[in-house]
Every structure is written in structure tokens, then in C-alpha cells.
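Features of the protein shown, as given by Swiss-Prot:
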type	residues	note
BINDING	9, 10, 11, 12, 31, 32, 36, 74, 100, 145	NADP(+) binding site
């Protein structure tokens with residue numbers, strides 16, 4: 001499967017690209033700057049210490065056009081501009097949105113959640129794309145970039161997924177479970193992205209409080 005990681009030069013995108021490439025998928029890292037994307041693809045090969053992985057860099061629009069599914073891994077402030085640049089390219093495809101509405105608190109390193117009129121970043125993306133058949137899922141919001149980039153062990157975190165489209169839920173779940181240690185959790189409709197996205201600032205602040213980098217979440221006692 002060809003997977004575009006849009007805005008994939010940051011830690012979250014790089015980590016997802018790395019893990020999915022290691023799982024045997026064909027990954028295209030996208031960026032506004034194609035040269036940065038090419039450099040990020042090279043970094044994936046260096047971290048993996050392999051030169052046989054199927055990973056390359058391109059502009060966001062080129063990556064989205066070529067891929068079968070796109071994962072959006074940009075800061076909130078870049079979400080809508082990035083979606084605008086790839087809107088035609090992802091027409092009729094599945095978009096997995098990992099955007100989290102957070103901002104740094106003044107005077108400290110802690111982060112806080114930003115309330116959005118649409119309810120969540122994923123719902124905002126879905127409304128922007130709703131007239132062209134793009135199915136949106138919220139996923140990968142709560143998974144630590146540090147854990148993704150540390151390939152010496154599995155990722156100790158569930159992936160909470162929400163979407164109004166069954167095929168998007170299933171595809172996001174399939175990709176999540178290609179990452180060693182990750183279990184996909186079907187959280188229902190996209191409205192639940194409002195809760196999923198709010199967990200991330202809590203995890204980040206727990207990291208800061210406990211001087212760690214990879215706090216995660218597990219949902220217990222679910223049926224197999």
C-alpha cells in the first residue's frame with residue numbers, strides 16, 4: 001500500500017513513516033519543501049540502518065496524489081493550509097488526521113488544549129473535505145513520537161480511532177496494528193475525536209511532570 005505522510009518531516013510524521021516502512025509499506029513523506037522531505041526519507045533509512053525500505057520524499061501534493069491513503073501529521077496552525085494544498089489529490093481517498101489542537105502555555109513548557117468551533121481538528125478536516133468524497137478518520141493522536149522513533153522496542157500504546165466511515169476506520173486500524181505493540185481501538189463516530197484529541201495534552205504534560213518522553217494510554221477489559 002502507498003501511504004503519504006503529509007507534513008512528515010516532524011517527529012510524529014517521521015516516526016510513523018519509519019514504523020510503516022519497517023512494516024513493509026511503501027511510504028511517501030510529504031512536505032511543503034521537497035528537499036526537506038527527501039532528507040527526512042534518508043533519515044528514516046539511517047535510523048532503521050537499512051537501505052531496502054520503500055520510502056521517499058516529495059511535496060505534500062505529489063505525495064497525496066501518488067498515495068492510496070494519506071496521514072496528516074502537521075501542527076494545528078498548518079492543518080487547513082496543508083489540506084488546501086492537497087484537497088484535489090485526496091479526493092475520494094481516506095485521510096487519517098493526527099492533528100491535535102494544542103498550544104504552549106505562556107511562561108512554561110506545559111501545553112493546553114485549544115477548543116475549536118468544529119469540535120475537533122478531525123471534524124474540521126471532514127467538513128472542509130465533505131463535498132468530495134474524502135473519508136476522514138482521527139488516529140495516531142495519542143502515540144508518542146519518541147516511542148515511534150525508538151525502534152529498539154515496541155510502542156506501548158493503544159491507537160484510539162474515530163470515523164463516520166467504516167472503510168476509514170478499518171484502514172486506520174490496519175495501519176495502526178502494523179506498528180509493533182500498538183492495538184487499534186474502534187471508538188465509533190468522528191464526534192469522538194473531540195475526546196481522543198484532548199487526551200494528548202494530558203499525556204504531554206505527564207511526560208513533562210515525570211521527565212519522560214513516551215507516556216501512552218491503554219484501554220483495559222475490552223472483549224477480544
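Every residue gets a Cβ built from N, Cα and C, even glycine.
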Give me the long-range Cβ neighbours of residue 11 (NADP(+) binding site): same chain, 6+ apart, Cβ under 8 Å, in sequence order.
145, 146, 148, 149
Residue 31 (NADP(+) binding site), Cβ-centred 10 Å count of other Cβ atoms over all protein chains shown, is 25
Please report the three-state DSSP label of residue 100 (NADP(+) binding site).
coil
Least surrounded, by Cβ count within 10 Å, of the binding-site residues 36, 100 is 36
Taking the Cβ of residue 9 (NADP(+) binding site) as the reference point, list residues of the same chain whose Cβ is under 8 angstroms away and which are at least six residues distant in sequence.
29, 31, 36, 37, 39, 40
Consider each pair of residues in 9, 10, 11, 12, 31, 32, 36, 74, 100, 145, all listed by the record as binding NADP(+), and report the largest Cα separation in Å as a whole number.
23
